[in-house]
Structures are given as structure tokens and as C-alpha cells.
């Protein structure tokens with residue numbers, strides 16, 4: 001599954017590349033499915049078949065297999081004399097291949113180096129990395145590890161996992177139920193079965209056999225239809241198969257035991273499973289792309305990067321503990337994760353192969369000391385920018401943007417926001433997919449999607465609980481799931497006020513400030529509170545509803561149904577209401593004020609009138625600024641931030657009078673806290689992007 005996409009890519013360019021296929025190891029063993037036939041079915045000509053496995057499935061047999069491969073490989077490599085040898089992963093037979101090629105002065109491209117896991121595989125993988133001349137790694141952390149191992153940064157490609165190219169393109173198939181039924185029977189239901197895949201841990205074989213038995217006991221008790229694959233050929237696999245047969249798994253009505261499944265079909269089985277359990281790398285890597293819940297048992301994958309879909313049971317020492325993990329995970333769905341790839345690995349690898357200068361010296365050099373904070377680059381040494389997809393659901397417009405790590409908006413898309421739920425979701429996904437296509441052309445690697453929307457939001461579940469009146473049909477809406485499913489990206493959702501605070505924290509006046517408050521002064525009044533560098537949401541996600549701080553018991557009616565809220569005095573809607581009253585009484589316009597008869601009255605007219613000497617307009621604005629200032633004083637006395645940032649169209653007008661109210665009415669200890677106006681042009685989009693750029697590498701938001 002890792003080499004096949006690259007093999008197909010190489011084969012599709014016969015004018016540039018000539019592909020030679022050498023098959024060895026467990027591909028040629030009947031007990032493991034004779035999988036060389038799948039290579040032939042994919043129409044690849046196998047130039048050489050080397051029987052290199054010494055049976056025994058213990059430590060000595062693994063060593064003897066490496067030795068046998070080293071005896072047989074030189075003749076083949078000498079005959080083929082390849083320019084580049086592509087070797088994948090961390091298997092003992094791959095170590096034999098890399099050792100032979102390095103000693104015969106053949107250039108080696110190693111796939112998936114730099115990753116960390118348990119067992120002897122770790123040592124083998126790093127040993128192959130030291131022998132290899134070039135590296136195509138899957139994750140940014142793997143890239144950092146290779147650099148820390150003194151590998152030449154210019155010879156490292158951050159490509160993503162090649163299997164994701166096939167995996168993401170083949171995920172949605174109309175015949176997926178036919179595939180599932182062919183392996184599990186006609187009565188199986190979508191999402192109502194388990195995929196189990198457990199391999200031996202070669203550094204602690206007895207313990208891994210014990211865990212395997214406990215897993216089988218838990219699966220029997222859990223009483224769900226289970227597709228279980230035989231363990232791989234590592235030392236200890238024979239004993240694990242004995243445990244399986246002793247428990248009667250092959251005859252058990254709830255189990256289907258198989259030796260091998262074609263990758264395209266395995267994708268469908270994993271993506272639609274109610275849960276995957278075991279210690280296969282597929283669980284911590286590929287399964288994350290579908291949001292399939294995974295239970296990772298034992299230490300075999302210790303150190304690997306995982307999405308939030310993985311529940312680790314490292315000390316799987318009891319049947320009950322594994323059973324409880326099944327209860328917690330079975331039937332859940334998680335956001336899609338792209339930690340290991342975005343579906344474009346093969347084009348990057350082919351581009352990398354084209355760039356290799358076969359005339360440059362073969363002697364490998366190491367970089368000492370390790371490079372600190374390297375900039376990831378593609379093969380043309382052009383920065384591939386880590387970016388976010390930002391979505392702003394406004395009352396009037398629906399906007400999507402590609403935003404890079406430094407806060408630059410690479411490209412922005414804008415459409416009128418449809419009134420109905422279905423039309424709004426369809427348009428949003430259409431705009432997002434267009435942006436994703438353009439991101440490739442702009443050399444942007446999109447880490448995830450962030451959504452800024454009005455109303456009360458549960459950011460943990462990505463659900464809009466209650467919307468503002470401006471956005472119709474927008475209550476109890478799960479935004480995360482459809483966007484994540486459509487784009488195969490992790491998705492974060494939050495209220496637009498909170499997003500404005502996050503934008504200031506990452507790109508504006510809040511950068512480096514531990515405690516501050518952002519107040520949006522626009523059509524309504526909103527904002528967000530940053531406390532100890534974290535956004536405050538509150539127990540019911542109602543924190544920082546700053547517009548609804550009451551400053552009067554008998555004030556004007558607010559849109560929330562109460563009276564005397566800041567929003568009822570100081571928002572753009574409130575000022576427009578007061579401006580219309582003056583206009584209807586013919587007391588708004590003053591001499592020299594330019595106002596057309598057909599023009600709609602807005603808050604701007606009120607501000608213009610006050611600036612030109614209209615005392616009644618000035619009195620209304622003074623009352624609004626005082627109300628806003630008193631509300632902000634309440635915030636200062638409650639959470640004691642070190643800074644207040646005013647954002648929105650009215651911010652520049654309110655800044656001076658609000659600072660004055662604070663100096664007049666606040667406690668002495670907070671009178672000197674500065675009120676500043678935001679310099680950000682697109683706080684909603686930048687805030688949505690900052691959720692992705694700050695949280696994409698974190699497990700908890």
C-alpha cells in the first residue's frame with residue numbers, strides 16, 4: 001500500500017523512468033497470502049523473486065532471513081544496476097536491501113524515515129535512514145527527527161504517506177457495502193463491526209502474546225462481528241496464531257479470520273468499521289483519515305503521532321480494561337485527520353526523483369550540529385507554506401480564505417450567504433473545495449479548517465447551539481462533521497467574538513499578552529476573553545457575551561429580550577435606531593452635512609452629525625460610549641486583563657471616550673490599563689485560521 005502508488009506513478013511516466021520490481025520476503029509465502037500475485041494483477045512485471053525468509057518465526061529466524069537476503073541480493077542488484085533504489089519502512093528484509101545497496105554504491109530513497117514507534121522496528125528504521133541518501137517522510141515531526149539525526153535537510157522531502165493518495169481518492173465508493181459483505185457476510189451493518197489486527201512485539205514476545213489473548217477474550221465478550229487478520233511474520237507470530245486457534249476464533253460465529261485483504265478493499269472495511277483494535281500502524285495512521293475510532297494496545301506504536309480518534313491502552317493487562325475501551329470507542333466518529341498526508345504524496349515524490357542529480361558525488365554527508373527550527377521546503381527549495389482554510393459565516397456574506405502561518409490572506413472567496421440551511425451548507429462546501437484546489441497551486445499545505453460564526457457555539461463538538469437572528473436556520477447545526485468528511489481535514493468551530501480574540505492573540509495586539517479582552521463594536525457588540533493564554537468559553541459556552549453585560553436596569557430593549565445591555569446602547573444597530581429617531585424628528589441633519597434624500601440612515605450619519613456640532617447626536621454618542629466604558633470597567637473588575645482591544649467598524653470612534661470613562665470610574669488598580677484599537681482588517685477570518693494554525697498539532701482545544 002505504500003510502494004504501490006509510487007510504482008503506478010513511475011510506470012505512468014515511461015519517457016522519464018524505467019521501473020524494475022524485485023519481490024522478496026513474506027510476499028512469496030503461502031501462509032501470508034502469496035501477495036506477489038497482487039503485484040502481478042496490478043500489471044507490474046516482477047523482474048526477480050528472491051525467497052529470503054527462513055521459517056521459524058523467532059528471533060534467530062529473523063537474523064537468518066537477513067543473512068539469506070544479503071547473500072541473494074548482490075547478484076540481482078549487480079544485474080539491474082539501478083540509478084535509485086526505493087525502500088520502504090522498518091522491516092528486517094528492508095534492512096537487508098538497504099545494506100546491500102549502500103555497500104554496492106547504489107543511491108537509496110527511504111520512505112517513512114524519521115518516525116518513532118516501539119519494538120526493534122525503531123532501530124531498523126533509523127538504521128535504514130542512516131544508510132539512505134534521500135528521504136521522503138510523512139510528517140513534520142518525522143522531518144524534524146531526520147534533521148536531528150544529522151541528515152542533510154536538502155535531501156529530505158516532506159511528502160506525506162503515499163498510501164493516503166489511494167486512500168483519500170478511494171474512500172467514497174458506492175459499492176462499499178458489497179465489499180464489506182464479501183468479507184463479513186450478508187447480515188453485516190455499516191459501522192456495526194470491528195476490525196482487529198495485532199502483531200507481535202519482538203522485544204517482548206511473551207507479553208505481546210498475553211495481550212493478544214486478552215484482546216481475543218474482550219472481543220468474544222463484546223459480542224460484535226469482528227474481522228481479524230493474522231499477525232505478520234515477525235518473531236512470536238506462530239505463538240499468537242496458536243492462541244487464536246486454541247480459543248476457536250476461526251470457527252467462532254462472530255469472527256472472520258483472514259490472512260490478507262487487498263488494500264483498496266481494506267480501506268472500505270476500516271473506514272466503515274465501528275472500531276479498529278490492535279497494534280497495527282494502520283490504526284494510528286490510515287484510520288485517522290476516516291475518523292474511525294481506534295484502540296491501540298501495548299507499546300508497538302509508542303511514540304507515533306496520532307489523531308484524536310486513537311485511544312491508547314498501553315498497559316493492556318486485563319480483559320476488563322480492553323473491554324471497557326471497546327465500550328468507550330465503538331460506534332464513535334471523530335474528525336478526519338491529515339497528520340500523515342493530504343493525498344498528494346506521489347506527485348511530490350516523482351518531482352523529487354526527477355531532481356536527483358545522478359552525476360553528483362554519491363558519498364553521503366551528515367549535517368553537524370543539528371539544524372534548529374528548519375524551514376520545510378519542497379524539492380525546488382520553495383517554501384511550502386503551512387496554511388489554514390478560514391470560513392466566516394456572516395449575516396450578509398459567506399467568506400472563505402486561504403491564510404498562511406504569518407497571517408497573510410493568500411486568496412479570499414466571497415458569496416452572498418444563502419437564507420436556507422441546505423443552500424448555505426452546499427455553498428460553503430463548494431467554496432472550500434475550490435479553495436483546497438487552489439491551495440495546491442499556491443504551494444500551501446492546508447492543516448485544517450476553522451469556522452467563525454455568530455451565535456453560541458460548542459467548540460468541543462463543532463456545533464452551533466443558537467444562532468443570532470441575522471443568520472437564519474442556524475441552531476443545533478453540526479458544522480464539523482460535514483466539512484471534515486468532505487475535505488478530510490480536522491475542523492474547529494467557534495463564535496465570531498472568540499475568533500476575533502484569537503486573531504489578536506496570534507496576529508495583533510494580543511501577541512505575547514497573557515491576559516486580554518477583545519471587544520467587537522460593529523452591528524452588534526461581542527468579544528472574547530484570553531486568560532492565561534487560553535480562550536475562556538465557560539461552562540455552557542456563554543462566556544464573553546460582552547454585548548449583553550447590563551449597565552442599566554431600565555435601559556433600552558436589547559435583541560436578546562432584556563434591557564440595558566451594552567449592545568442596546570453602543571452597537572451599530574442601536575446608533576442607527578437613534579439616528580432614525582432624530583431623522584424622523586428632522587433633528588439629525590445640520591448645516592454642511594451631505595445627506596441625500598433617498599439615502600438610508602445609518603450610525604455613520606449620527607457620528608457625522610455629532611462631529612459637525614449636532615448637540616443631540618453628540619449626547620447620544622456620549623451615552624453610548626459611557627455605556628460601553630462602564631461595561632468594560634465591569635470586565636476589568638471581573639477578569640482583570642492587562643489590555644483591552646477594540647475591534648470592528650466603531651472601534652476608532654470609541655477608543656478615546658472609553659479610555660476616559662475607565663480613568664474616571666474604574667478602581668485605581670485598573671485605571672491605567674490601555675484600550676487600543678485593532679489593526680487587523682479581517683479579524684473573523686484570521687481568528688478562524690488561528691484556531692487551525694495554533695491547535696492543529698495539539699490534541700485538546
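Just so you know, the numbers here start at 1 and follow the chain as drawn.
Placement of Cβ uses the backbone N, Cα and C atoms for every residue, glycine included.
Note that the structure is a prediction, hence the values are computed from the model and not measured.
Per TrEMBL, active site is recorded for 496. For 456, 468, 496, 545, 548, 567, the entry in TrEMBL reads N-acyl-D-mannosamine binding site. Annotation source TrEMBL lists Zn(2+) binding site at 548, 558, 560, 565. Per TrEMBL, domain 'UDP-N-acetylglucosamine 2-epimerase' is recorded for 15-353.
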For residue 456 (N-acyl-D-mannosamine binding site), identify the closest of the recorded positions 496, 558, 565, judging by Cα separation.
496
Proximal residue to residue 565 (Zn(2+) binding site) among recorded positions 496, 545, 548 (C-alpha distance):
548
Inside 8 A of the center formed by the CB atoms of 548, 558, 560, 565, which other residues of the chain have their CB, for the recorded Zn(2+) site?
547, 550, 559, 561, 562, 566, 567, 568
Work out how many Å separate residue 545 (N-acyl-D-mannosamine binding site) and residue 560 (Zn(2+) binding site) at their Cα atoms, rounded off.
11
Same-chain residues six or more away whose CB lies under 8 A from the CB of residue 560 (Zn(2+) binding site)?
548, 567
What is the one among the binding-site residues 558, 565 whose Cβ has the most other Cβ atoms less than or equal to 10 Å away?
565
For residue 496 (active site), which residues in the same chain are close in space, meaning a Cβ under 8 Å from its Cβ, but six or more apart along the sequence?
392, 452, 453, 454, 520, 526, 684, 687
Binding-site residues listed as 545, 567, least Cβ neighbours within 10 Å:
545
Cβ neighbours of residue 456 (N-acyl-D-mannosamine binding site) where a neighbour is any other Cβ within 10 Å:
18
So if I draw a 10 Å sphere around the Cβ of residue 548 (N-acyl-D-mannosamine binding site), how many other Cβ atoms end up inside it?
20
What average pLDDT is reported by the model for the domain 'UDP-N-acetylglucosamine 2-epimerase' (15-353)?
89
